């Protein structure tokens, strides 16, 4: 991967210098249906994650954009029909108007579902932030992305990772000149645990609120290169206004 360029991998958090390193590494298998807001974006295969924020809208990363998406909800094993899933096609897919595919600033996208989903114990919404979370807040990251830092192991079962929101100064020091005010770092400077390919667009939930969207990083789970996430608290007005207008 060109170290001078960001590469938005289809179905992946943007990661370099290693293409195959964007997944949840060092996490654990989530308890079945314990993450009812987690969705899988599918175009014949799982390519990104997302979060259900009301019965007809999903939020994901803009670098996951495709013209047609099937949203799969109530999933745990994405390769087996378990009987609890709901599959709904997209009606509208709206990238943030200021999304920059080179810098990945404003890496956020809304998907309107063709019909409302049925909310239940296995399909539920996650709250938008009421305020921005402070550094040190413990968060939960989830996804079906690769589980290896080197090599590929795409899991069938949803994976989880508990990780702290890092100080912005540490985030900026890890990626000099790359971090905007719309980005946060979540994870471990010592490496070993991170999101990776296939997790992109998925949730970072802190104290029951969606504070982050899996966006990009340098490799996966590498020392001094924590995962970078879209700072959702900066976009609550845009989300609400866009939903109201559509």
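Using the three backbone atoms N, Cα and C, a Cβ is placed for every residue, glycine included.
Annotation source Swiss-Prot lists signal peptide at 1-15, citing sequence analysis.
Per Swiss-Prot, the feature domain 'Peptidase S1' maps to 24-244; the stated evidence is sequence analysis.
Annotation source Swiss-Prot lists disulfide bond at 48-64 (among others), citing sequence analysis. In this structure, residue 64 (disulfide bond) is part of a helix by DSSP.
Look at Swiss-Prot and you will find 63 (among others) tagged as active site, charge relay system.
What Swiss-Prot lists as active site, charge relay system is 107 (among others). Under the DSSP three-state reduction, residue 107 (active site, charge relay system) is assigned to coil, being neither helix nor strand. The C-beta environment of residue 107 (active site, charge relay system), restricted to residues of the same chain at least 6 apart in sequence and closer than 8 Å, consists of 61, 62, 63, 96, 99, 182, 213, 215, 216, 230.
All chains included, 23 other C-beta atoms sit within 10 angstroms of the C-beta of residue 139 (disulfide bond). Positions annotated as disulfide bond by Swiss-Prot: 139-206 (among others).
The DSSP secondary structure for residue 171 (disulfide bond) is helix. With a cut-off of 8 Å between CB atoms and residues at least 6 apart in sequence, the same chain places 179, 183, 184, 185, 226, 228 near residue 171 (disulfide bond), listed in sequence order. Annotation source Swiss-Prot lists disulfide bond at 171-185 (among others), citing sequence analysis.
Per Swiss-Prot, disulfide bond is recorded for 196-220 (among others). Around the Cβ of residue 220 (disulfide bond), a 10 Å sphere holds 32 further Cβ atoms from the protein chains shown.
In this structure, residue 200 (active site, charge relay system) belongs to neither helix nor strand by DSSP; it is coil. Residues annotated as active site, charge relay system in Swiss-Prot: 200 (among others).
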### Message
Using a 10 Å cut-off between Cα atoms, which of these disulfide-bonded residues sit near residue 64 (disulfide bond): 139, 196, 206, 220?
### Response
none
### Task
Please tell me which one of the recorded positions listed here (139, 200, 206) sits closest to residue 48 (disulfide bond), measuring Cα to Cα?
200
## Note on the structure
Out of the disulfide-bonded residues 48, 64, 185, 196, 206, the residue with the smallest number of other Cβ atoms within 10 Å is 206
